[in-house]
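Feature annotations, reproduced from TrEMBL:
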type	residues	note
BINDING	His456, His461, Glu514	Zn(2+) binding site
ACT_SITE	Glu457	active site
Amino acid sequence: GIILICLKTEMVDSQYYLPNDIGISALDCREAFRLLSPKEQMYAHYLSRASWYGGLIVLIQTSPESANIYVLLQKMFRAQAPQQLETAATAAGLSAEEYQAFLVYAAGLYANMGNYKSFGDTKFIPNLPKFKALVWESLAFKQSPGDMEALWGCCCESLYSLEDKLKQLGLGEKGISAYFSGNCCLEDAEFAQKFLDSKNLSAYNTRLFKTEIDGKQCYEVRLASAEKGEYTEQFKSICCGKHEFEDAVFSVKRGDYAFLMEKVCQNLEKAKDCAANDNQKRMLEEYIRSFTCGSVEAHKEGSRYWIKDKGPIVESYIGFIESYRDPFGSRGEFEGFVAVVNKAMSARFAQLVSSAEDLLPELPWPPAFEKDRFLKPDFTSLDVLTFAGSGIPAGINIPNYDDIRQTEGFKNVSLGNVLAVAYATQKDKLTFLEENDKDLYIKWKGPSFEVQVGLHELLGHGSGKLFVQDDKGKFNFDQTAVRNPETGELISSWYKGSETWDSKFSTIASSYEECRAECVGLYLCLNKEVLSIFGNEGEDAEEVVYVNWLNMVRAGLLGLEFYTPESKSWRQAHMQARFVILRVLLEAGEGLVGLKECTGADGRPDAVITLDRSKTYTVGKSAIQSFLCKLQVHKSTADVEGGRALYEGYSAVTADGTHNFLRLRETVLLRKEARKMFVQANTKIKGSCLLVEYEGSAAGLIQSFVERFPDDAEKVEAQLLEMTCMDSSCWC
């Protein structure tokens, strides 16, 4: 009994450390950058500068202490490179393993832009007890002992704290979120959303802070902008100032992250001079207006020009984009990327776009539930030069504004150099598969994932209609004729006025939509035409289908790592989605998916998941077809109650039933592999624009960040500390 208890304690503790052997790979974009013209290189450089400055906002958005830890590390590594600091580490009594743990922690903080994992939202802490000794022994401390001691005092406690509420991002008692002051709960988020909807204000670029004055609830809504003050003539619609709303007072203020927003705008201005066409210039002008004034409407206008900029050699997008990490699901994390087109792979995606109008009718919902017209998007494969934010995805479908996606279009991108290194798998680290599946999985995972990403982004996120009644009472569907395919009754619910998918479905919106897109990928990868587009014919095509479905059910099991039993909450949208799909396919029965617990060769708990490939096209297809139709109907009709019941039902992680998922979760944690980190290049101007590359290691990742802000590092760090200090009382 004692041995088992100790094992479990060790397992729980270890999930909050980054392992010393974590995979770290450099993103190779040398050839793509070399092929750019000098003007294109300058354009990419200034967009990258804007992205990196904006990316620092994520520190402020992630946790109260992230910026302090970042500045502490930056000061240490600016004074001594990782190799030089090792001498100080030895003097401080650190072993080689402990110093490596320190480097891995620092690399992890930079890669995630905070001390919570970008994929899973779990806190990670240093795997060494002698952090303070190293700080005191460092050259940075010897040069400025007072400043370094003060910095250490600001973050030393939170650096290691694994108090229940601090173990993961969340709202109220479920976790910590810097999008909200510490006294906010889910009810506050819902109430604030009602206020924002009443003023037709988007939550994307906001944070919410609550106080109580004379017994009255007072909320401060902060808009991200370079300008402070109430408003400009141009943006009176932002409605800054105080507003009585129901029994509370709301104060809308601009100027959140003002210093960083100004730096973003300055670099976008310089990029504008290198733009290739008028669409790019107008796009950047609108982004600058948005980031200067705090207007999401201006960002939407910029996104419209971005959509019109077809087939650029240098592709980019920047702003408050994805809402995965807002516990309420409405506020966007800052993100900026710059990438160069991979022409060979893009040709395949272009072919998929050309086939889209033939493939959309294959989806399992009536024609009335599909967009009136498919707006053919750009779909390109890109090699990433810069991706600033908390993490790097494999593919993207943007913009996330429903009204634009529904009527004006969107773009899809697949990030080729990310795919090339992110999903390389070693056989000895491949868990939960039978031996005879492992070689197939390793051989075909890349090609199958390429197909899945393409279908997920283009026909997953790009499909389906939202039924809307606008402010003038006009419907975008025939409410006297369109029927719910699940009930046969006329449509009785829809989106009204300023309601959006995110504002209606809030906490489940991101994961639900990812699940819908994943299901579209599974469903349409069974189509021979799709497989042929990606160069997969005959037996090869069958292997791609098998490994794609096998990867999905395995991912569903791995998803249990991202579930927190104490709060009964999921911390990662995609992994919740994949667990839901696993549940759906297990429920289909008939031996389609097998999941059994066992004992591994090492004597520890293990599990094996299997897929009967002979039933994929029958039992599997039927199960996904039925589930996908339900997902779309609830989404189209704004049926929050029905959608929640369906999705949260399949998301439940319990110990009863055919499978003990709570016990399986412990097995998954026991055998989990840490997610890879990426080292990105820098660009600099020395007469011409130069690319500066780094090795794929913790030291290389650290050095890339030390050199990222060469001209004004100290000023940037001072501003980050000032922003953090200003709000320090909000999380007490």
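Glycine too: its Cβ is placed from the backbone N, Cα and C atoms.
Owing to the predicted nature of the structure, the values given are computational and were not obtained by experimental measurement.
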Near-site residues: Zn(2+), ref His456, His461, Glu514, CB cutoff 8 A to centroid: Asn397, Glu457, Gly460, Glu513, Arg516, Ala517, Glu518, Val520, Gly521
Sparsest Cβ surroundings (other CB atoms within 10 Å) among the recorded positions Glu457, Glu514: Glu514
Cβ-based isolation winner (fewest other Cβ atoms within 10 Å) among the binding-site residues His456, His461: His461
